[in-house]
Amino acid sequence: MPVGSRQNRVQAVRKVSGSTDSTIPREAGIYPIRYTERKERKDVQTVENGTNEDSRASQSRGRRRRQPTSRTLRQTSQSRPEVLERNESGSDCKKGVHSHSSARKVEREGSRCASRGLHLSSTTRCTAXELDVAKQEEKEEEDNKEGYADEEQKIENSTQERKVVNTSMEDKATSHSTKGSFRLTNSDSNKELHKAIKVRGSLSKTDITEKAKFVNEVVEKEIISQVFKIDNRFTFDILHAGSYYERLKVGEADEFDIMVQLNAAKLSNIFQPRFCVARRHSRHLVGFAYLEYQSHFDGHKKWEDLLETGGPDSRPLLSPKLILEHFKELLSQRLHQINCVGKQPWRSYCEPSLHGPAVKLTFCLANDKTLDIDVVLCIQSQHWPPVANNWGVLNPLQWPGAQQVENIKKRGCHVVPKVNPRDQKCWRTSFSLAEKDLLSPKSIDEDKEHYKIVKVIFERHKASLEPLCSYHLKTLFLWLRSDGNWTEKRTQFKVIEYFIQQLLEKVRMKELPHFFIGHNLNLFSDLSDAQVTNITTCLKEIIKNK
């Protein structure tokens, strides 16, 4: 009769207890035969179900079934002997154990051991041979795991190698074959470009919104718009132009540009612009204009204190230097008025100063952040400069279209008080509103993102690239955009590389035509040989990314 039969178990219990009574205590785990058979059938079904579930799970993973380790056998044989003993006999489990998942796990382990020939004796203790077998299987399992790990690592390394090869092939396929060109590689070593891309999107929306609100509600409404209370000649229309409104702003939101259009009564009649033409003796004045005073329109002679003599045909002119100084003084007085009230929306401010054609205002806000604002005074001209009449006509552009060119010309232009070094009575022609019209449509947002990355790189090397400025970059961007296909079949890396290479070539040739005036005005004509050498050296280093 088998070792685990009911009769043998009864005899063993009677021998231990010294009893000959046919009644066996329930503590011995002996139940009536019918109940025992029912429990055996239930336990066998539970074990089979667990085994089938494990088998299906292991097959779905594509790996062989995990084998119990020596640690599992020691735990099941030493710490839970009563469970294995009663399971082997087909009797009930320890109270409170059979209803838990841990008991089911132990039963399944026992079934697996039995299926592999690892018989557990009636005393539920593993023999030395069984432990050796378990240890050997545990070692094999660890070896298999290491094998799987090594195989996965090989697959991952192979995948990375394929990615590197594909990237290298893509770079070779898209690289320029021009002799002497410098290639901006699309790799992790290109730290310059990756930093620029990161900085490009670093503008905090909360920060820029707070500062834009300060500019709109304080600077525009409380300062600039209230200047007329001090001098009623100075009434303004605010023109939202500049990098922020063109969505070309990069870096910190600590600088804003505001254009204010002088809008006095009959101003366009009182001052008539006289644009300089491209003549041999006055080529240096292309892009500038005189504002000639028409005295018969100024009945009260209100503007005589801002005039100077010595213009063409000996007519009085509106002086850019005098009006800029007067405008700065008006802003200073208005700041003092607000500061005296004691409810100023800033912690401190600096006295207004001249910064090119602008008056610079500097504020320290309540959060200790500094904000610089350049207020540019301008006067509108109803006429398009004759020197720019050929824009978009002689050489039709891919962009913008003919209709957009015509609409821009009808709106005229502006003049700002930036003097010419050779003639300080001139006003510089400004095409800011025309540039805003060209750069505002969302259809060119993708190209603008490329330009912003280049602009970030420029800001990082600004000192080494002097006297280049952001306006030179914008002009080149407009020219490249007008070609229509500068981004065609190029990745972002290649577009930026192409932009910098074009800038390098323009500097080397000392030639960058004004976008609207064309070759009549070369923005790089005043570059010295030393400046060209410094700029080209810096640009080569940027492209090489050393």
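Note: Cβ is positioned from N, Cα and C throughout, glycine not excepted.
Listed in Swiss-Prot:
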- Glu255, Asp257, Asp374: Mg(2+) binding site (BINDING)
- Asp374, Arg428, Thr429, Ser430, Phe431, Ser432, Leu433, Ala434, Glu435: GTP binding site (BINDING)
- 1-10: compositional bias 'Polar residues' (COMPBIAS)
- 35-45: compositional bias 'Basic and acidic residues' (COMPBIAS)
- 69-80: compositional bias 'Low complexity' (COMPBIAS)
- 82-95: compositional bias 'Basic and acidic residues' (COMPBIAS)
- 145-174: compositional bias 'Basic and acidic residues' (COMPBIAS)
- 175-186: compositional bias 'Polar residues' (COMPBIAS)
- 1-116: region 'Disordered' (REGION)
- 134-186: region 'Disordered' (REGION)
Taking DSSP three-state, what's Phe431 (GTP binding site) in: helix, strand or coil?
coil
Report the same-chain neighbours of Phe431 (GTP binding site): residues 6+ apart in sequence with Cβ closer than 8 Å to its Cβ, ordered by sequence.
Cys413, Phe515, Phe516
Determine the minimum-neighbour residue: among Glu255, Glu435, listed as binding-site residues, which Cβ has the fewest other Cβ atoms within 10 angstroms?
Glu255
CB contacts for Leu433 (GTP binding site) [other CB atoms within 10 A, all chains]:
20
Taking Cα atoms as reference points, which of the binding-site residues Glu255, Asp257, Asp374 is nearest to Leu433 (GTP binding site)?
Asp257
List of residues, in chain order, with Cβ under 8 A from that of Thr429 (GTP binding site) and at least 6 apart:
Phe275, Gly287, Phe288, Ala289, Pro385, Cys413, His414, Val415
Could you state the CA-to-CA distance between Asp257 (Mg(2+) binding site) and Glu435 (GTP binding site) to the nearest Å?
14
Around the Mg(2+) site (Glu255, Asp257, Asp374), what further same-chain residues have their C-beta within 8 angstroms of the site's C-beta centre?
Gly242, Phe256, Ile258, Ala358, Asp372, Ile373
Distance, Asp374 (Mg(2+) binding site) to Glu435 (GTP binding site) (CA atoms, angstrom):
18
